[in-house]
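Below you'll find the structure, written out as structure tokens, and then a few comments.
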């Protein structure tokens, strides 16, 4: 693909040049080619976007629930019509296989938008009787202008997960995509405008997180920030949001999730789940089950089943329908993953497979890392303690149920957890003791629109998806009505 035209900001229903004068490049990680130069939003651009959003939000909130619902449903239709085009762009920008982006990224994002479009008319207040002459009623009102700050692994899906409930509740959103993968969020802005969203209700500001993102978190005109990213960055976003104007926040942060295989489990099923929990999207999924706990007596058999499945991984041309494994999202990220792999070897973990870059025709110019499985791991190893966010699985053994629950919970993270067992009593007994916000039994990874997702501990605050997220983009106003004559003590 030839280099794209320089990408601008999207403010008030159209493209506009950044006043900062700064730019950055977005790279195709499969081959290292520059896809486009992208303009970076500065402080003045954030001010412009907030002013635009304030204007648009008033128009948007004044529409009826059914009017807003119809506009968002039109956006859903356009997303599905343009699925292949958007998936190709997402593949170029992220490196993910087209077999994945064409069936997951836009599809699941559109599902979430459709879900919230249907919920808009159900946003209701309540009535509370006090006495014969008085009652209270409540209204759910939009927050106003909110900000979404996205991660690089699911660019358009994250933009939809954040904008769908925000817009459904009557807010305007300013979205800052990751500077690593900024392209499809701009296309989403076009789609919202085409669907009839008032100008300013969805503005997109590409830029560097430390600058553009910080300006958004500090801006007094923004009522809430929804952030997806790492723990350290999340803490900064939360601190800035609180210090500036006590903004509400939703934080979807990192994870180091446990997958527990019990001795009664079907090991073929367990191996299939472990593969999806570690190598889907080349391991760049925040909920990945990278700590795989296996009974000591099952270790050898389980290792062989994992090795057999690694052989089925198909890396290569990301647009080949048979390819199911792409490069990492960027060269700096690849280098970071390789540092973790080196650390694992240094600390005594045994490499069962992988452990290096992929080499050969088609790989040498890209950010490719081989699917890697470490065994003979211990809980104190760096690769077991820290989030790697790449195709690196760590196998650990255990002896008892109590032991594995304790070890699974021995982490600052609490995003996800899963178990594989044939015993449903055990399944529920154990899952209720795991300190994680998203849990799976005999499956892994699905996050449908109806399911609230978010983390415990350092893995986040608040939830995305589900009814409660729509409510989190509103504020409750209580109104007391008195029909009897008011009595003053003065």
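Don't overthink the numbers, they just go from 1 along the chain as shown.
Heads up, the Cβ atoms here are built off N, Cα and C, so glycines get one too.
From the candidate list 286, 353, the residue Swiss-Prot records in the NAD(+) site shared with 150, 151, 152, 176, 177, 178, 179, 230, 231, 232, 233, 254, 387 is 286. The K(+) 1 site recorded in Swiss-Prot includes 26, 27, 93, and the single candidate from 146, 180, 201 that the record places there is 180. Residue 464 (active site, charge relay system) sits 8 Å from residue 162 (active site, charge relay system), counting Cα to Cα. Separation of the C-alpha atoms of residue 233 (NAD(+) binding site) and residue 180 (K(+) 1 binding site): 15 Å, rounded to the nearest whole number. Comparing CA positions across the binding-site residues 26, 27, 457, the one lying closest to residue 179 (NAD(+) binding site) turns out to be 26. Shown in sequence order, 25, 28, 29, 35, 94, 152, 179, 181, 182, 183, 329, 330 are the same-chain residues outside 26, 27, 93, 180 whose Cβ sits within 8 Å of the Cβ centre of the K(+) 1 site.
Spatially, by CA atoms, the recorded positions 26, 27, 252 include one closest to residue 177 (NAD(+) binding site), and that is 26. Between the CA atoms of residue 162 (active site, charge relay system) and residue 457 (K(+) 2 binding site) there is a gap of 21 Å, rounded to the nearest whole number. A Cα-Cα distance of 27 Å separates residue 286 (NAD(+) binding site) from residue 246 (K(+) 2 binding site). Neighbour counts of Cβ atoms within 10 Å were compared across the recorded positions 93, 179, 248, 252, 464; the minimum falls on 248.
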